[in-house]
Amino acid sequence: MVMTHFSRLRQLLLLQPKFLSSQPRPLRSPPPTFLRSVMGSSSSFSSSSSKLLFRQLFENESSTFTYLLADVSHPDKPALLIDPVDKTVDRDLKLIDELGLKLIYAMNTHVHADHVTGTGLLKTKLPGVKSVISKASGSKADLFLEPGDKVSIGDIYLEVRATPGHTAGCVTYVTGEGADQPQPRMAFTGDAVLIRGCGRTDFQEGSSDQLYESVHSQIFTLPKDTLIYPAHDYKGFEVSTVGEEMQHNPRLTKDKETFKTIMSNLNLSYPKMIDVAVPANMVCGLQDVPSQAN
């Protein structure tokens, strides 16, 4: 009798729904699921009926996130990469090949100072790939973006929002609004907003005043359930929301003058890669082959 009762209890427990988070997000039906790789190198956000394929990839040395997005409902499965790193290009291309995707764009949120972008290397390995960055960055690329521009892969598009402050040319890429676009929306914020933080403003024409205005006018005005995916994380986080950062970000929740004081007193060390990364990234990550990055 005890065994029968135990077996029945076990059966009931197995039938209970499992939740990945104690804070459910308002999601359209059918609800997307967030899966974390056992190796911690990639994540996916999709649903059984969604046309979006999404992967969050991580480069350990610079703590950089690279994002892969594709429209898998399109016959060609067009894809783009946001903030690729030179050291992980082969990993990214292997994944793209395994998933049967066609890489169209290699995009940067800004000219990075802590790693060399993978866009130039991607172009040499896949000559049809177009490098993309903001016009305000002043760097080389195939396509230059301005605020309000849209980058499309199949029926999915990213809206370009200017978010300078960490550097003069920073942009945030935001997935489109409307029932035909992935919901909730996703914001790829570069270094403008980090999870419970933000990028430094003491080099590359940075401005704490400008960063504060950018975040509050271009990111914090998005729906509160918009998912925030930053370019870096140093504390083991993967994703946040606009609502979370508006409530809990220890810097950006302050008034502007307090924020500027915080930023001016960070006393951060000189970035160890800046003298290599910035010159390389100004020519699409290929100092020795500038003709590949025009």
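Glycine is treated like the rest: Cβ placed from N, Cα and C.
Under the heading Fe cation binding site, Swiss-Prot lists His110, His166, Asp191. Cβ neighbour count for Asp191 (Fe cation binding site): 26 (other Cβ atoms within 10 Å of its Cβ, all protein chains included).
For Gly40, the entry in Swiss-Prot reads N-acetylglycine, with the evidence type a large-scale study or a structure entry.
What Swiss-Prot lists as transit peptide is 1-39.
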Notebook entry, point to check: Including all protein chains shown, what's the count of other C-beta atoms within 10 A of the C-beta of His166 (Fe cation binding site)?
Noted result: 32
Checklist line | Residues within 8 Å of the His110, His166, Asp191 Cβ centre (excluding the Fe cation site residues themselves) | finding: Thr109, His112, Gly165, Thr167, Cys170, Gly190, Ala192, Gly199, Gln204, Ala231
